[in-house]
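Asker: Below is the structure I would like to discuss, written out as structure tokens.
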Amino acid sequence: MEAAAGGRGCFQPHPGLQKTLEQFHLSSMSSLGGPAAFSARWAQEAYKKESAKEAGAAAVPAPVPAATEPPPVLHLPAIQPPPPVLPGPFFMPSDRSTERCETVLEGETISCFVVGGEKRLCLPQILNSVLRDFSLQQINAVCDELHIYCSRCTADQLEILKVMGILPFSAPSCGLITKTDAERLCNALLYGGAYPPPCKKELAASLALGLELSERSVRVYHECFGKCKGLLVPELYSSPSAACIQCLDCRLMYPPHKFVVHSHKALENRTCHWGFDSANWRAYILLSQDYTGKEEQARLGRCLDDVKEKFDYGNKYKRRVPRVSSEPPASIRPKTDDTSSQSPAPSEKDKPSSWLRTLAGSSNKSLGCVHPRQRLSAFRPWSPAVSASEKELSPHLPALIRDSFYSYKSFETAVAPNVALAPPAQQKVVSSPPCAAAVSRAPEPLATCTQPRKRKLTVDTPGAPETLAPVAAPEEDKDSEAEVEVESREEFTSSLSSLSSPSFTSSSSAKDLGSPGARALPSAVPDAAAPADAPSGLEAELEHLRQALEGGLDTKEAKEKFLHEVVKMRVKQEEKLSAALQAKRSLHQELEFLRVAKKEKLREATEAKRNLRKEIERLRAENEKKMKEANESRLRLKRELEQARQARVCDKGCEAGRLRAKYSAQIEDLQVKLQHAEADREQLRADLLREREAREHLEKVVKELQEQLWPRARPEAAGSEGAAELEP
């Protein structure tokens, strides 16, 4: 215990691990996942404190034992040397791709860059087109809720966006958002996860129950962004954007590419999503697990495959080919010739056809390619059992490649389109129309099953049982309808695909003539005529095989075994030829891709050069206009300055005369005013004289009046004085 405690006390985290954690902590601050939400430093400190306490408790001395016992020896733990410092983790340089491409988001074309396999969309273009009806506050709130973080583009990417006219030349920076986060953001803002307004429970329950119980609906689900279950109605899928899936939570109808983003449960906001594209909904929508082990699982699976194949113009979706054993069962042994007229048992009908179907369906394993439909969904957990089973089956299954690798025939050689393959135990003759007449002899089904669907060698089979005649007629009708559908689909696909493999018709026709079926059919029917366009070597080989089968091999089992060996040899030759053709097609496709990429880059460079030339012309015109205006203003100011200088010189010469004239005018005015004042003074003097004369005359008159009145006044005054004296 003490040793363990001591060893625990001296433990230190691995230097390489500690360095990795520190680098992750520093780099996560600027990563796309936002700021680091967890730091390992507090955990290390807590662990150090706990280990220090345990080491202190272990260092306490033990009690002294009895004298009979020897003193205990304290065994200290050996000091372990520090582990060697390992080199740090290998960090790949960040992908700074500057190759601009375009993608479609909610019907709008958005420019983007492919960085690390994920498309980074131009955020300003999304805000101005798809989310133009929402404010920045709403968008930021949804981004915080969904934990969506955007990155900034590099200087080269910003320059490309400016040159292409997507951003103005004055833009200082630009944000980039991944295609997955853009799908989540647009779905949350445009459609939201709100439930519809409540309605009557009885009506809603009856409608939902009626749709669920209907045989025309299929229960499906997806595991993207929190999972969602729904009901698929194949009849409603009439266009690529038709609403044909009903959500079991909100009872609303959605198109397939909208249903894979729709969810009402946990939105997986703290999950790092990568590589999601709603256009790949065919890989995300899966059949409900409620059908596991039920009878209708195969039928509903075929129905779902039919829906996924509709409107698949890019021919990206392929049916799942069932994985069965490549070796024929040990119990498959044809009956003797005397019982050939009797109708074989149902088990004997199924076993040869299943083995031949296995031989035909093994083309998927020829070049190590994995069918897109066989790959697990990007949002489902990976199971190692699947890869183990694939590895076990792959070395035993022979390869049988037909026509072009990029066509549907490479995955469905012996199966008509729109006809799903059932499990091996439940296979019937009807599921494979070309194998309908394959129950009488072993060579005949091999010839009909492995024969390509475009060119068929129509021969008479005299040894065929009469009991199969009513079954073969409707099967031939179905086969003809399937041929028409195959040819129309192939023409439409070839018209849409610009990177189709070269010389498709020639290679397919050449392989049709060299297929095992074409070789085995004359061996079963000796009276049949060889095709007119077959080469002489093929006829000789067929004749040699016919003689070997008829002469050297007596029993049917020996013939079947020999034919099986021949088919295996032929399959190996076909595999080598197919590998060579595939390599040639790959080289052609790569060359075409390089040519298209070079043409696109040249076009972009030419367009950028044209835009730069236009920008230079515009700047030159603006500069010329500004220079012209500057010259005109300079000349105008020069003229004004010259006029001012001349006016100043003229003022200096005429200043004295101007002052003299001014003063003379003032003197004249003053003289005039003085003359007026003199005239006024003379007039006033005359007026004063007249007034004096008038006053003197008046005084004279007054005196005369006084003299006339004066004598009367004296007696009256004397009388008044005497009366006054008498009164006292």
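Heads up, the Cβ atoms here are built off N, Cα and C, so glycines get one too.
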Asker: Based on what Swiss-Prot says, identify which of SER480, SER498, SER508 is the phosphoserine one.
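Answerer: Record says SER480.
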Asker: Based on what Swiss-Prot says, identify which of SER432, SER515 is the phosphoserine one.
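Answerer: Annotated as phosphoserine in Swiss-Prot: SER432.
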Asker: Here are some residues: SER377, SER536, SER720. Which is flagged as phosphoserine in Swiss-Prot?
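Answerer: Going through SER377, SER536, SER720 one by one, Swiss-Prot annotates SER720 as phosphoserine.
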Asker: So what's the average pLDDT for the coiled coil (536-710)?
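Answerer: Taking every residue in the coiled coil (536-710) and averaging pLDDT yields 85.
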